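Reading through the structure tokens given below for one structure.
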Amino acid sequence: MGITGLIPFVGKASSQLHLKDIRGSTVAVDTYCWLHKGVFGCAEKLARGEDTDVYIQYCLKYVNMLLSYDIKPILVFDGQHLPAKALTEKRRRDSRKQSKERAAELLRLGRIEEARSHMRRCVDVTHDMALRLIRECRSRNVDCIVAPYEADAQMAWLNRADVAQYIITEDSDLTLFGAKNIIFKLDLNGSGLLVEAEKLHLAMGCTEEKYHFDKFRRMCILSGCDYLDSLPGIGLAKACKFILKTEQEDMRIALKKIPSYLNMRNLEVDDDYIENFMKAEATFRHMFIYNPLERRMQRLCALEDYETDERYCSNAGTLLEDSEQALHLALGNLNPFSMKRLDSWTPEKAWPTPKNVKRSKHKSIWQTNFQSENTHTPKKENPCALFFKKVDFVGKTLNEEIEANQRLEQAKQTEAELFNMYSFKAKRRRSPSREDSVDQERTPPPSPVHKSRHNPFAKERTGEEANQRSPVVCENASLLRLLSPKKASPLDGEAGVKKVDSLKRSIFAKEQVQIRSRFFATQDEQTRLQREHLRDTENDDMDEQKLSSHSGHKKLRLVCKDIPGKNPIRQRCSSQISDGETDTDTTASSLLESQDKGVPSPLESQEDLNNSQPQIPTEGNTNSTTIRIKSLDLLLENSPEPTQESDRNNNDAIILLSDDSCSSDQRASSTSSSSQQRQNFLPTSKRRVGLSKPSTAKKGTPKSRTNGKLGAVSQNQTKLSMFGFQTKPVLK
């Protein structure tokens, strides 16, 4: 029954299917397959001639299962035997007769188990058994149709006419009739194997462009079918190889080349085989079926479609001229073999439905107003991670769903916004142009804690918070950032000061961030406390000496005219310059104390002291000027004679490098005079700060040190040129 090995051969074109995947569709069922399975369970009773309905209940299980999945079944039964299958049917009858005789003999011998196997083989499904099932289906409003000849051709037409979207069968011959979707091996769990005609080229191993269904049909006929036996040694594999190799459309010429193409020299292909091959192909194409929509018999495919000679259609059946007889045959009221009338049921009559029986609610194909709804069920697809919501375009809430979808789409971010959020953009750091004119308007520098800076944890500050002094921030371990007064806030707090040096990694705006070295955090505090204690002790001793020796003289203080305001710590440092403390030590310690204690630095507190100091009369100013001149003369007379080394120190002043070149002119003018005055009476021995080492040169033999970039360096100067100090001429 069918083509041997065809279902495994088409494995690449098949897939697993469950009935829930085709919910709401219509299926055509080869009912004789169910009847043969049902008869297998009650073969002993049927062989003995006992009455049973086991096979009926077996078929109804499948019917109820289909109805539970909202699937409309159309049960199709076989009709008359074709002349082409006369030989096949004769062999089947002989086999059943032999099995029946063997079963009776085994029962007489008492070998019951062996007799049962033969009894199953000898049982045949008759039309009377099929009629009992048809009556049960009528009570459930399930359509049944009896084909004029083969049920395979009838089901293929229903599938191609889109009356049924799927076909359920166990006969592999159905694929040769051109069915689109066939379900094999359906069980009571609802699982089956779906074979799709559009994927058959995968089973043949050719591309879709070179594939045609006629090639598949011819391959199956060559391998052997119900209408034609195969040639010796020819199966599906060799038949497929030959069909793919030949390009001849006329099979009468191509079949003669089989021995040479398949390298089978002993194989003979006679004219009788070629004639039977053409008849078998015409039978699969042009078999008669019954059209329930038009209530008439017709061919599966018209002869004009393939330009087939009618003489090859002798095995495809004959047309019944009486349309009324053809209708009752299709309804199951006639015996297809004897044409004896068995029932008089018509679709217009209502069939009584027993209680507790599930009735189908689908429209019958026998109704005159029946039309194919063309409701295609979507095919089973691979599971997808995305969830697609089904939109009902016929419902009343169509506009609401569209508006909701539009709101969701508008709320989503655009592609450009997403790229802007997740893409890394390296920003260029551009050095501002050097402008000679100071009066030209400059845009204020951006905030140093802007999001684009390298510090991702900094927070933006408002206008009020920006005016306040920010706490000390340890940015790196550079000694230059610790000792350079240029890193403090600008002198006058001017807005619009532009940073020029592009080599620095971070640019800080005025009064926003102070830089403090982490390296000298602990050592600087200890050094500052020691120096403060020494200065206090020396200050007390010197006060006692001055009170005893110079009781008549007034205590004089050096006041830098360019820097009128100083904090108390800076005043104490400047008053004790002559006691051995260097200007560099005093400046560094004062800066450190101002940063640690939160006291403004001397340069920063200049503007505040100028505003807070009361106005002194002109006469007082003259007296103070005279006192300063006299005190300077006394100090110059008491000071030792300067050496060549000290002269060079007097002519030079320590200038600190900074990133802020715009404010360097103002700072240099404010500190040049005071630096020059302090350098005039600096002692030869100086205290070293930071990483500097004491000089190893012998006393009395001064040796000038040179620097490749900064030139000659004074011996008395600290070794801080590596951190940004250099010697420059004092601005006059």
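Keep in mind that glycine also has a Cβ here, set from the backbone N, Cα and C atoms.
Annotation comment: Swiss-Prot describes ASP171, ASP173, ASP226 as Mg(2+) 2 binding site, evidence class similarity to another entry. The feature compositional bias 'Basic and acidic residues' is assigned by Swiss-Prot to 432-442, 457-467, 525-537. The compositional bias 'Polar residues' feature in Swiss-Prot is assigned to 572-593, 608-625, 703-716. Look at Swiss-Prot and you will find 661-677 tagged as compositional bias 'Low complexity'. Feature annotation from Swiss-Prot assigns phosphoserine to SER431, SER433, SER447. Residues annotated as region 'N-domain' in Swiss-Prot: 1-99. If you look up Swiss-Prot, you'll see 422-471, 524-625, 661-716 marked as region 'Disordered'.
Here the region 'N-domain' (1-99) is broken down by DSSP into helix, strand and coil counts: 59 helix, 16 strand, 24 coil. Mean model confidence for the region 'N-domain' (1-99) is a pLDDT of 90. Within 10 Å of the C-beta of ASP226 (Mg(2+) 2 binding site) we count 21 further C-beta atoms, all protein chains included.
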